[in-house]
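Structure first, then comments.
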Amino acid sequence: MKTCAIHWFRKGLRLHDNPALQAACKVADDVKPVFILDPWFANNANVGVNRWRFLLQTLQNLDENLKKINSRLYIIKGKPADVFPKLFKNWGVSHLTFEEDIEPYALTRDSEIKKLADEHNVKVTSCVSHTLFDPQRIISKNGGKAPLTYQRLQTVLSSLGSPPKPVDSPSECKTKTESDHDKKYGVPSLEDLGKSEKECGPLLFPGGETEALRRLESMMGKKNWVCTFEKPKTAPNSLEPSTTVLSPYLKFGCLSPRMFYYKLQEVYNKAKHTSPPVSLLGQLLWREFYYCVAVDTPNFDKMEGNPVCKQIPWDTNESYLKAWKEGRTGYPFIDAVMTQLRQEGWIHHLARHSVACFLTRGDLWINWEEGMKVFEEYLLDADWSLNAGNWMWLSASAFFHQYFRVYSPIEFGKKTDKDGDNIRKYVPQLSKYPTAYIYEPWKAPLKVQEKAGCIVGKDYPKPIVEHDKIRKKNIERMAQAYNASKTEGGGAKRKSDSSSSQKKKKAKVK
DNA sequence: GGCAGTGTTGACGGA
DNA sequence: GTCCGTCAACACTGC
């Protein structure tokens, strides 16, 4: 009897290390690789045009790679809950496979689909392949709760041994296609989704598994660079990226984290190398860290009702938020980073630190959730767990608590870009400014401003806040918020850690 | 159980 | 130019 299996692509947009796809290929003699595209999503999701382009390129590449193993990708328009019952019936489906996804909306969606599959006598197989380990396994090994520090995660991981080895790409994936496949199931263009190529920035990081593997090989080829890599020492504002830029590929699953892990081990095995948390492996473990906390924490992407998140009385200030988002704060370093983000969809990790600190506890005192939403829209690598987790880190709302360490929007960038070349590129109004004033154009004498062809207050904004003053004020506000969370018992605080810390702080309050 | 030490990536002012 | 103390946190580990 012939069997038909659907492999449902969501993330995990690759053939290599895709255990769920492999399972489908093994069990069925007609495998339908499906990606469901909800047209509603194109207009309503918080996804910028650069990330749409990345996704469509990735799907195009996936289809091409599937062709090489006698298969095709089926793009189906609709909502999963509407689409699947029809597919189950029309194709006579007996098996459904997919990669597990821990994001809350995905968990809800998947449990609904599992129920539908059950009703249609379709057997469901799901596999963990988006992270090195199954986050639930780490959590149970840690006594049923997620590790809340990196160190703790490392301790738990050391008891788990190496992550599973990546599985091979299927050598064949038999799919019975129809002659009008392209018309019915082809990958849409940006224009089909109501977007335009013209809105996109320069194509610096094309989507797709093929490009992901090429990029991985090229990075791993720089053996000395890999072995000496220390994240804090890489430059946030170099004109060429100082890190791997593999994050967009990991986000969509064009690249398997386990593939990355084992390629890294091959390089490490032959030489002395740096270690987590600063090494390249360390970066992969940070990803694992945030996935674990995210899956174990209710309301992880919100301040309220989030047990790991400090409750801080942020201000609402639409005009500050808009100025930050659009790169009009009057601080050239901040504005350059935000412009690069909007135009290109990728900025260095430390650049993210700088602008996140500026928006929240450093200068503008705006809730980290607002910044998270802006990153979610523009970043090619926008990843729910990592995005929320890093915003809490930077705003000293969770994981990191030394709120008196405030990034300077003037001094920080100078360390790695003395001449302000990055500013000259992304804030071209300032390109003719003398180096002495490039980070603080408002300090330039009027004559210098005129000569550079850019008057501050007219052609480029004055600083929206005075950093030196606001920084001190905000540190005080943070101290107050921290104090309040102690005396109130932290509101949504975890039960387990309230007893010991409670006593100490009572003594300290007065 | 209590206490001391420690942790991915700051800035500033004075010696 | 470099080094060092200040600003004054929390969660977890190890003794």
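Each residue, glycine too, has its Cβ placed from N, Cα and C.
Automated prediction, rather than curation, is the source of TrEMBL annotations.
From a predicted model like this one, the values you see are computed outputs, not experimental measurements.
Taken from TrEMBL, the feature FAD binding site applies to A:243-247, A:283-290, A:381-383. Mapped onto three states, the DSSP output places A:Tyr290 (FAD binding site) in helix. Here A:Tyr290 (FAD binding site) comes close to A:Ser385, A:Leu386, A:Ala388, A:Gly389, A:Asn390: these same-chain residues lie at least six apart in sequence, with C-beta atoms under 8 angstroms from its C-beta.
The feature compositional bias 'Basic and acidic residues' is assigned by TrEMBL to A:171-185. Long-range contacts of the compositional bias 'Basic and acidic residues' (A:171-185) within the same chain: residues 21, 24-25, 28-33, 66, 69-76, each at least 6 residues beyond the stretch ends and with a Cβ under 8 Å from a Cβ of the stretch.
Under the heading region 'Disordered', TrEMBL lists A:159-188 (among others).
Residues annotated as region 'Disordered' in TrEMBL: A:481-510 (among others).
Spatially close to A:Trp314 (site 'Electron transfer via tryptophanyl radical') yet at least six residues away along the chain are A:Met303, A:Thr360, A:Trp365, A:Ile366, A:Asn367, A:Trp368, judged by Cβ distances under 8 angstroms. In this structure, A:Trp314 (site 'Electron transfer via tryptophanyl radical') belongs to neither helix nor strand by DSSP; it is coil. Sequence annotations record features per position, and here TrEMBL assigns site 'Electron transfer via tryptophanyl radical' to A:Trp314 (among others).
Per TrEMBL, the feature site 'Electron transfer via tryptophanyl radical' maps to A:Trp368 (among others).
Residues or ranges marked as site 'Electron transfer via tryptophanyl radical' in TrEMBL: A:Trp391 (among others). Long-range C-beta contacts of A:Trp391 (site 'Electron transfer via tryptophanyl radical'), restricted to its own chain and to partners at least six residues apart, with a cutoff below 8 Å, comprise A:Ala356, A:Thr360, A:Trp368, A:Glu369, A:Gly371, A:Met372, A:Phe375, A:Ser397.
In sequence order, A:Phe205, A:Arg215, A:Trp346 make up the list of same-chain residues 6 or more apart from A:Val245 (FAD binding site) whose Cβ falls under 8 Å from its Cβ. Of the listed recorded positions A:Trp286, A:Trp368, the Cβ environment within 10 Å is emptiest of other Cβ atoms at A:Trp286. Long-range neighbours of A:Glu288 (FAD binding site) (same chain, six or more residues apart, CB within less than 8 Å of its CB): A:Thr131, A:Leu132, A:Phe133, A:Pro135, A:Ile138, A:Leu153, A:Leu157, A:Pro257. A:Trp368 (site 'Electron transfer via tryptophanyl radical') falls within a helix when secondary structure is assigned with DSSP. A:Thr243 (FAD binding site): 19 other CB atoms within 10 A of its CB, across all protein chains. For A:Ser247 (FAD binding site), the same-chain residues lying six or more positions away in sequence with a CB closer than 8 A to its CB are A:Trp346, A:Leu380, A:Asp381, A:Asp383.
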